[in-house]
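K.L.:
Sharing the record's features from TrEMBL:
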type: DOMAIN; residues: 67-143; note: domain 'Ig-like'
type: SIGNAL; residues: 1-21; note: signal peptide
Amino acid sequence: MKMLFAVVLLGFVTLFDPVYGATCKSNTTSCVATKYTQAACNASKICACADGYFPIRTGCGMKYSKPTVILPDGNSFEVLEGKSAVLTCSTVAPVVDWYYDNGTFITTGTIYTLASASAANVGKIKCKGKLEKTDSEIDSDFSAAKEIKLIKKT
């Protein structure tokens, strides 16, 4: 009999092989109740997740904690026009997406390097921790937006 092993670490669930914890057997309507799953299958033959957990491809997962954007100088940062700035998104999520405060997507990666500061690419910036590239119910909320201010060359 295959078993599901899970570890909660810093706000997320890591599943070890084998990972069949969320799929019900075709000949039964019951699941093995764990901290992460309930004892009943739903109509789609998926084990219902425990409160606070959401179905993911490999079982049930807990929503990632809200990440933090780390700037070199705290809550805001001034960068000279044409120069670079490096922002880091602090999260345990395996995928990080960066956005402007208006919701426009910028890029993917834990570290965002603004290569050549201009009026078009500065402003309030935030990040989001995700399980994978596609959206999931366990993705984090957005971080608080941090402001990158442009200093124009004279």
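Glycine is treated like the rest: Cβ placed from N, Cα and C.
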K.L.:
Considering every residue in the domain 'Ig-like' (67-143), what is the mean pLDDT value?
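P.N.:
The predicted confidence over the domain 'Ig-like' (67-143), as a mean pLDDT, is 93.
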K.L.:
Can you tell me how the residues of the domain 'Ig-like' (67-143) break down into helix, strand and coil by DSSP?
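P.N.:
Final tally across the stretch: 0 helix, 36 strand, 41 coil.
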